[in-house]
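Report on the structure given below.
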Amino acid sequence: MGARERLIVGLDVPTIGEAERLVSTLGDDILFYKIGYQLVFAGGLEFARDLAASGKKIFLDMKLLDIDNTVASGVENIAKMGMSMLTLHAYPKAMKAAVEAAAGSGLCLLGVTVLTSMDADDLAEAGYSQDPHSLVLRRAGQARAAGMGGIVCSAEEAAAVREIVGPDMAIVTPGIRPDGSDKGDQKRVMTPFDALKAGATHLVVGRPIVKAPDPRDAARAILSEMVSALWPANR
């Protein structure tokens with residue numbers, strides 16, 4: 001799997017028109033896109049279907065969490081849409097229900113561990129006694145036990161997570177920032193090079209590409225950095 005299959009560009013824009021222009025600008029350089037709530041609520045599900053039909057891969061970032069039956073029903077419908085990845089919060093019952101619902105569909109289910117915008121203070125405020133690292137590892141183990149296809153975590157935890165989940169699960173890391181980039185609202189960040197070296201399989205990059213003066217140049221620079229991290233292993 002090369003850099004192009006590993007880079008996921010976050011379409012974190014408010015309208016379908018802006019998303020269409022960005023996809024057109026990035027052209028064949030980018031294969032994989034993330035679509036989340038912002039775009040979904042602007043009509044993004046139909047846009048996601050169209051992108052998938054055109055040959056792009058779609059990571060639908062819905063972070064589902066509900067009672068088992070509701071999660072299963074939602075996953076069954078999403079599995080029919082041609083999406084490549086879907087997120088849900090890494091709670092054991094929800095994950096098990098989702099895995100059963102997605103069986104045989106080819107949809108890769110990802111368990112969200114701890115948001116990269118959260119640190120220990122944020123977790124404490126939310127009532128958690130564990131630090132981010134410990135909670136990520138616990139939820140990664142639960143995701144593996146549930147039969148999930150991968151997890152979402154900070155690249156800071158990727159190496160430790162790999163030891164828990166084994167060699168086959170995807171490790172998808174947001175909070176990717178090239179050297180010199182503004183962190184924005186992210187708190188646990190890493191460069192593309194370091195994230196891949198730490199064991200991430202896929203990198204989610206939004207603002208450093210979307211908000212760049214030339215998004216295509218920004219994407220190509222990140223892809224080049226990723227290639228250098230993968231060489232000579234070419235994983």
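Including glycine, each Cβ sits where the backbone N, Cα and C put it.
Long-range Cβ contacts of Asp12 (substrate binding site) within its own chain (separation 6+, distance under 8 Å): Lys34, Gly36, Gln38, Leu39, Gly206, Arg207, Val210. Residues or ranges marked as substrate binding site by Swiss-Prot on the basis of sequence analysis: Asp12, Lys34, 61-70, Thr116, Arg177, Gln186, 206-207.
Marked as active site, proton donor by Swiss-Prot: Lys63. Mapped onto three states, the DSSP output places Lys63 (active site, proton donor) in strand. All protein chains considered, the CB of Lys63 (active site, proton donor) has 17 other CB atoms within 10 Å.
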Thr116 (substrate binding site) and Lys63 (active site, proton donor), Cα-Cα, nearest whole angstrom: 14
